[in-house]
Amino acid sequence: MEVSADPYEQKLYQMFRSCETQCGLLDEKSLLKLCSLLELRDQGSALIASLGGSHQLGVSFGQFKEALLNFLGSEFDGNTSSGFIERSLVITDEPLNNTYIESPPESSDREVSPKLVVGTKKYGRRSRPQQGIYELSVTDSDNTDEDQLQQQQNQRSLNGCDELGVQVQRSSSQSDLPGSRRLRSVHTSGSKLKRCASLPARRKMNSNTTGATTSPTAAAKLKQLSIQSQAQHSSSVESLDTVTPQQLETISVHSIMEAWELASIPNTRNLLHVLGFDEEEEVNLQQLTKALEEELRGIDGDHEQSNMLRALAALQATELGNYRLAYRQQHEENLKLRADNKAANQRVALLAVEVDERHASLEDNSKKQVQQLEQRHASMVREITLRMTNDRDHWTSMTGKLEAQLKSLEQEEIRLRTELELVRTENTELESEQQKAHIQITELLEQNIKLNQELAQTSSSIGGTPEHSPLRPRRHSEDKEEEMLQLMEKLAALQMENAQLRDKTDELTIEIESLNVELIRSKTKAKKQEKQEKQEDQESAATATKRRGDSPSKTHLTEESPRLGKQRKCTEGEQSDASNSGDWLALNSELQRSQSQDEELTSLRQRVAELEEELKAAKEGRSLTPESRSKELETSLEQMQRAYEDCEDYWQTKLSEERQLFEKERQIYEDEQHESDKKFTELMEKVREYEEQFSKDGRLSPIDERDMLEQQYSELEAEAAQLRSSSIQMLEEKAQEISSLQSEIEDLRQRLGESVEILTGACELTSESVAQLSAEAGKSPASSPISYLWLQSTIQEPAKSLADSKDEATASAIELLGGSPSHKTASRNNLTTSETSIFSTTPFESSQSGPSPTNSGNSNAYGANPGPAPISKPKRSQSPQQAAASEGEIADCETSSTASGKSFESNSKTSCLSHEKCSSPSALKEELKRLKFFELSLKEQIKDLSLQRDGLVMELQQLQEARPVLEKAYARTTHPTLQQRLNQLELRNRHLQNVIKQQQHYTESLMQQSWRQHQVELNDLHSRIETQGVLLADQTQRLQSADILVKDLYVENSHLTATVQRLEQQRARVNLIHQQQQQQRLVGGGLPGMP
């Protein structure tokens, strides 16, 4: 920072530098230290208060200097405008013998009599003067310090010589203290004179005093009084001729000769010549009188003695006239001072009245403010009590609803347990039948083996001779063997189907057990949530706590059903050529039994399928209830909270990594700078040695000036303006997006109002109608809360990829995972939180979720990511132009990452809106990339300069080695070329030193600027994240209130239907009674007319 040549400002800057902690900035502690060093009043509390509100990051030297000047100016104004200081000036030609005369106790004009003050008055006087404004007496004089200084200068100009002693005595006014001692002057000789300041100084004092700050009424009165006093004394004072002390002590020769001629003294010039005053133009009166007295003593003649006496008398007459003039002037000045003093007393009285009125108004205002604050406090207390009561009612209603939900859940649990027991009994019956069938099959197999063995033995006994082996029995045996093989294959297939059926039954049992476990867990979790909510209600009724727990959506068991199938062994019997008809009949009967068992198994399978369909229908029916909807909303909320926490953790880790990298680079840079400084100091020492050795002759070469730094500064300013404009555009787009979201929320409310009829008729729907409604709801855009939130683009998460990367230095990629729960091809763009990110070391990877066109097009470039995040959304299809633009942006990001050693993140891939929203971050990234390149170029230049400096050091070492030879050579002859070379080297060294200092300063400023921008952007990110969290909380609250309204409407509708049914029943009863009465009337009317 440039500091002026003022030594006081330089000293202040040195003190500022000694106290600073940051780079040119002061925090609160360093400000207190600097104020204590400057010895300010109250340690500069007012100065720190003026600086603390507007500068949160720190205070620079310029800001501190301006604030200090304002503080000192206010202090000086307060001191000068506090009141007039009454002083009296006594100016004498010689030192005076002053005596103090005790004045009697008198009633002062400005004295306020002490009274008993009732109440507490904080400001100014405690009572008002009893006398009137125009009944005040006149004091000596009321002068300020400036008037006294001017009077001293005028007195010095009046005296005109330094030999005379000037005495200026200041005393308080006579009316300030009762019984004060007045300063009197005792004149020992007639030549001593007491005078006051000249009239022009008094006029200036009047003009200064009347310019003081007063109220409008007092100012008008003061102006009238000053005009009257000036009109009274201007004529008498201005008519006088001012007489100086020189005129009193000296007189001209011409005036002496005229006075003597009027006194009829002959030969005046000869007389002056005799007295010794012939050649002088002005004569001292005392010396002339002394000379005349000496002449009178020495003269004997009467005539000459009379002439001398007449001359002496004429001199005394002129001196007496001068004294009269001086006395008249003093008298007029005294009158003028008394009038001024009287006017000043009147002004003081007016000011006292104004001060009392002002302080009375201040007290009234303070009382009114206190009353307003008390009223506001009472209203605030009322509002808080009302809120407390409302919150208590709300939470009591919530607890009642939760208890009803618990009762319904317990009933569902009982129903499911009964169904589970029935299924278990059926399963045990099926297992017993299956075991019986298996035993029968094994027995048949054993009988078949025995029969085969017997057939083989009979065939061997019969076919022992080849002569009795006809062809027909062989063919018949071959056919039998083929049929046997087919039967065996069928048996094996039946055994496999039996094993599969067992596996399915085992899986069904496991699923039933898992459902039971899930019910138990949900019940325990509901109880825990009730306990937590009760504790939260006790702690704070109006604040919502942040829950960090596993969402209910993750309570599903992910256990795979174990393979519970049993390995079956199939024994193949030996084939035989012969068979028996009885055995074949037994086998046919067994086949019929197995077929019947297969039919039973198929019927059981159908039964299981029907049960599964009923379970699905029951689940879908339960999902349509508002309780399940609220549960889904709670799960989505917890997922969003978890995603937000993951995002915060991710960015914190990123920031910590960036800070560590920045600190490492700064340490490396400081080490290099330290080494370069050491080398530079050594070089400077050697250059000084050479300067001492050789003389400095020759002219300096011109320094090369370059305008690169100015151009770079102008470019940086232009880029900063662009960044500001882009940030303004982005804020406008965010405001538009918020308005669109609000309109969509209103649409959702309307849809919820239309869906009341569907919810009221849900109790009368069958399983098929429930399935159809669920399918239609799956197709609709607002079928589930998660799909609706996806449509509103409120759910978003920069999920971390779970794939292990080879390079641990680069962080895991940020994913935009696809697949919303309601529909896969949702056509809406989401604004991810990573769009506002600035520094990121993760490359961008696109996720492949479903058959979306963006992912299918980029399947070759990017690998498929692992499983989707708990909350995900598919991307929209985009035009080829937009896709090309997004690919170009990704390529730019990749090139910038390879050049600067860091990769910047870019999520602007999907549509024009997201591209416009990401314009400011991309501009920031380009600017940071360019600054990084510029920093690298500066480092290269510094390295080049350090190499040049090392070369110069080597040259200087060589010159030192050649020093004795050069000394001998210079002793013989002179070498101007070496001298010029040395001068050039010195100039070059100085130029290099200046360049290095400039570059160091510029790099430091760049680093500070980038760090400040980084901090500002981090704060902006935090604020945006907080606003988004608040918006999400508001939306969830609105959705919960909408769900509660739907529930209330459903309950009311059910009550209304019940009342309608009851009324219809009553109407039917009334109609029946009416019909019966009519019939009775008809019967009663027919009896008397009978024959």
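Including glycine, each Cβ sits where the backbone N, Cα and C put it.
Between the listed residues Ser103, Ser469, Ser561, Swiss-Prot assigns phosphoserine to Ser103, with no corresponding entry for the rest in that record. Just one residue in Ser107, Ser630, Ser676, Ser847 has phosphoserine written against it in Swiss-Prot, and it is Ser107. According to Swiss-Prot, of the candidate residues Ser701, Ser820, Ser879, the site noted as phosphoserine is Ser701. Of all the modified residues listed (Ser594, Ser714), Ser594 sits in the most crowded Cβ setting, with the most other Cβ atoms within 10 Å.
Here the Cα atom of Ser714 (phosphoserine) is found 95 Å from that of Ser594 (phosphoserine). Taken residue by residue with DSSP, Ser714 (phosphoserine) is part of a helix.
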